[in-house]
Amino acid sequence: ARDTPEVTKEYLKEFHEDMIGLTGDYEAVKATCKAFRVYFSTPQNVQPGQDYLVDHSIYFYLMDPEGDFVEAIGRNFTVEQASKVINNHVADWKGKIDKSA
């Protein structure tokens with residue numbers, strides 16, 4: 001795989017410091033994509049060392065403080081919609097935390 005842990009770590013510096021990247025061999029990536037219900041597609045007949053583009057789903061997965069899945073935010077969300085969804089979930093979590101304290 002061209003996206004080694006080192007390459008992925010360097011790429012993620014372009015984003016938020018808490019973002020986590022995953023990589024692995026083809027079968028591991030395929031299984032993970034299936035588990036998260038996303039797709040990827042690489043061009044056929046790519047030669048070793050050849051540069052290529054990967055078509056893939058684009059989602060941000062919102063997780064709760066316990067690490068459980070809450071919502072997938074895709075390209076169909078506007079910035080305003082995504083912000084509202086995230087802020088509403090954060091407010092819900094804060095309310096639950098405040099009640100348990």
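Please read every residue number as a count from 1 along the shown chain.
Cβ from N, Cα, C; glycine included.
Annotated in TrEMBL:
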| type | residues | note |
| --- | --- | --- |
| BINDING | HIS56 | Cu cation binding site |
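Proximity of HIS56 (Cu cation binding site) to non-local residues of its own chain (separation of 6 or more, Cβ distance below 8 Å) is seen for VAL38, TYR39, PHE40, SER41, given in sequence order. In the three-state DSSP scheme, the residue listed as 'Cu cation binding site' falls into the strand class.
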